[in-house]
Amino acid sequence: MPSTRLLRTVALQACLLLMYICLLQAIELQLHEQQLQQQLLDEQLRLHQQQQLLKQQREQQLQQRRYSSTTSTRKPYIIPQGLSLPQRGVYPEKCLREVPAVFFQYDKELKIVGNSTTNPYFNVIEVCCKGWRRYEYDWSRCVPDCGERCRENGFCLPGGRCQCFSDFVLNYRNECVPTCPLGCPHGQCYLNGTCRCERGYELDGSKRFCQPQCNTTCGHNEVCLEPGKCVCAEGYARGLRESNALGCQPMCIPDCGYGHCVAPNQCECFPGYQKRMNRSSCEINCYMRCENGFCANQTTCVCQNGYRYDHNTTSCLPDCGDDCRNGVCVSPGNCRCFNGYVRNRERCDAVCDRGCGFYGRCIAPNVCGCAIVAGAEESYQRCENGYCNAEGHCRCLEGKTRFIDKCMSPDTVTTYASINPLRVNASLMHEFQLLLGRHFILGSPGMLEENRWWD
């Protein structure tokens, strides 16, 4: 019947329409699911990059706590336990010292020119004279320096003398120890204020503290450290040099060079050699400064271990090997990174706050490098404030335009080019060399596919 046939046709069309609607909804759900998965992957990638950045920052802080110095001109400062206070109205004279100007460089692109009138590679600074050190709570003041002596329970006085507090006395180890009635180390106090020493100890000449007793007399330059044990006195050590001499020998830091160490930090020069002003090593007279080393002859400077010769300063500067290109070697093996770089084990790596994406590498602070084949930093196309695409080219974000190697606002290009002509010329030359290299070396499509560094 016609009506039944019409109903079947309408029902079939309704079913087809319903199936079409269901198919569209399924496709839409699938697309939405793919978008969610992509967003999830992007979020995971962002979190991973953030975790890597935090990890690098923690490693940098750890390395700085372990290796970095409080200033760029001396060894890490250790606050002593003893008291060394500035005296009211007493202002010791400071000494002038020339230090390499490179120690004051904190930006890689900004070279430091020294203020020395004799050599532009040196800076003249004020330092505390010998026997004095910087006061940790006021860097402009100098206080007496007792070194390892007077570490607690006493004051450090000018000349390196230690004055102990009341009821404390300086013992055989240059330590301020309590006396009776406060106490008696390695002994017991009596009511009358005297001390009775434990076995293996005896009263010193002043009868105020107990000192160790050795069964046999200690040798030359030795002291009795504990019962039955003799050790080298301060400034002496065993086995320092290949010599037939036995026992404790004096130490000289730095080495005497062409001389013999006759007492702690006292050198006796061989015939024909001498000490230069404010130097302790024995050397021949030469025109070079040769700090942290000694002159072997008029044209040769022999550096101490951990130092290398620098022609600009004619001195021996700290050596960090080849892993300090993005920093300054402030002490042997201790590289202080430039601003915008962080310690990554032995190297200083650049930090890009926004990241460089999958196809870029951070080659300078906030500067991404674009390339297809991995290589040295100079072989990457610089991409400042932009990102790298899969073809190894720099692309800018919306609203920015690319000017050579930098993404910037279009209205600032002319001003930037007029203010920085030298940098613009250098960037143009670098970009031109990169284009030539990519055209002639990487021109083969097969070679590009085989050498993509991210595959």
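Cβ coordinates come from backbone N, Cα and C, glycine included.
Heads up, TrEMBL stuff is auto-annotated, nobody curated it.
Listed in TrEMBL:
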type   : residues : note
SIGNAL : 1-26     : signal peptide
COILED : 24-60    : coiled coil
DOMAIN : 145-177  : domain 'EGF-like'
DOMAIN : 179-211  : domain 'EGF-like'
DOMAIN : 213-249  : domain 'EGF-like'
DOMAIN : 251-283  : domain 'EGF-like'
DOMAIN : 285-317  : domain 'EGF-like'
DOMAIN : 319-349  : domain 'EGF-like'
DOMAIN : 369-408  : domain 'EGF-like'
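Helix, strand and coil residue tallies for the domain 'EGF-like' (285-317), in that order: 0 helix, 16 strand, 17 coil [DSSP]. Mapped onto DSSP classes, the domain 'EGF-like' (179-211) shows 0 helix, 11 strand, 22 coil. Sequence-distant contacts of the domain 'EGF-like' (213-249) (same chain, six or more residues past either end, CB-CB distance under 8 Å): 148, 172-174, 199-202, 261, 263-265. Counting only same-chain residues 6+ beyond the ends of the domain 'EGF-like' (179-211), those with a CB under 8 A from a CB of the stretch are 167-169, 171-172, 224, 226-228. Using DSSP to sort the residues of the domain 'EGF-like' (145-177) gives these counts of helix, strand and coil: 0 helix, 13 strand, 20 coil.
In the predicted model, the domain 'EGF-like' (145-177) has a mean pLDDT of 83.
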